[in-house]
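A short worksheet on the structure shown next.
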């Protein structure tokens, strides 16, 4: 059983049984980043030992999945003959595009069969409420998979709504470009979805949750050496994954397993919040050890502005909110009217709560501190999109300047090697040729070739033919994943 947060350690160290969740996520991790997050979801188990989330990993580089600890080999989807996408999303999208690949439907059939095997029961019934797609926007497989998912939603491939968990890159121009294009495509999809579905309809693309690598690395660097991160060596990516995934798991198990003597936050409240808005969603998580209004307010603000889900969100565009304070049973501070008002007023600084739907509860647990989980949903594109575009442009301009400068220096320092070329071209000695004599036709007739030219043979290209013939092209009729 994976216990990768203080809260999960405490929950499972007590006699409190956890045998259900609010939303039955079917988790699919695409690309190296998505694989690692999905692997964490696969490690969560109920008190009875059964797995919380059915999970698949998808990757074009089989080696990227070798070190997964919780996803078994048969649940690691790899397409034969492919060895990665090299930060080129079109490798993914072209594979499933009938206009560019005549075998695209065969690949889609294989994907549908794998999803049907994992996410349906023996009667062919879907066993999940939502699909949670984890990916890194920037890599080839992750970015391409994000684009592919949008197209498959349009084709009604998925039998239930889809949520996306996306991490944004930092520092690499190619990855930033990929992320910007994917975010733009998501924004276009959301606008189209808004035209087709009403405010109270469950959306095919339920929500998109964004994590910013730059922000998460900054948090972990500031925490290194503190009581939260005592280790001498810290892999910030692993710590970030633990924080993001454990927070999502916590908000999913608490409403189902913890009640309140004041205001209960039901599983149905969470399901509604994560199903209807159809836009960007963010989560704030704040541990509260000092029970006073000032500490409470600052903790909530810090979790939203400087947390692991912070990405310069436009809170004023939110259409729903929700959350709860997981509090000690003897902490009457959280039931006090002034405390309730302070929480509402603090959230109201981000978005006037009387303008949007939502609910805030206060479930009880048997620990000494409290944890506040805050969710805003239905927001438009985060402003991080704008600043990321600015960073990408600056990096591209810097790269071009460096290339031009290097070319200029090379031109200035050009070396005359004509003497060497002349000597090499006149050298006719070959130790592997037998001496055939010096008579006969002129030895200098014919066209001139490079002195280093090698004998070449015609290449053949039949590598993928047999592999493509082995792909399953039909599905069982009970499979709910729609074929083209």
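Even glycines carry a Cβ here, placed using N, Cα and C.
Annotated GTP binding site per Swiss-Prot: 32, 33, 140, 141, 142, 213, 237, 241, in sequence order, evidence recorded as experimental evidence. According to Swiss-Prot, the Mg(2+) binding site annotation covers 64. Residues or ranges marked as compositional bias 'Polar residues' by Swiss-Prot: 452-484. The region 'Required to bind TubR-DNA complex' annotation in Swiss-Prot covers 408-484, and the record cites experimental evidence as its basis. What Swiss-Prot lists as region 'Disordered' is 428-484.
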Under 8 Å by Cβ from residue 237 (GTP binding site), counting only residues of that chain that are 6 or more apart: 36
Protein Cβ atoms within 10 Å of residue 141 (GTP binding site), excluding its own: 30
Residue from 32, 33, 141, 213 whose C-alpha is spatially nearest that of the residue listed as 'Mg(2+) binding site', among the binding-site residues: 32
Residue 237 (GTP binding site) - helix vs strand vs coil (DSSP): helix
Local Cβ density at residue 33 (GTP binding site) - other Cβ atoms counted within 10 Å: 26
Number of other Cβ atoms within 10 Å of the Cβ of residue 140 (GTP binding site) across all protein chains: 23
Mean per-residue pLDDT computed across the region 'Required to bind TubR-DNA complex' (408-484): 59
For residue 32 (GTP binding site), the number of other Cβ atoms found within 10 Å of its own Cβ: 20
Residue 213 (GTP binding site), number of other Cβ atoms within 10 Å: 21
List of residues, in chain order, with Cβ under 8 A from that of residue 241 (GTP binding site) and at least 6 apart: 36, 37, 40
Residues near residue 142 (GTP binding site) in space but at least six apart in sequence (CB under 8 A): 30, 31, 32, 33, 34, 135, 136
Protein Cβ atoms within 10 Å of residue 64 (Mg(2+) binding site), excluding its own: 20
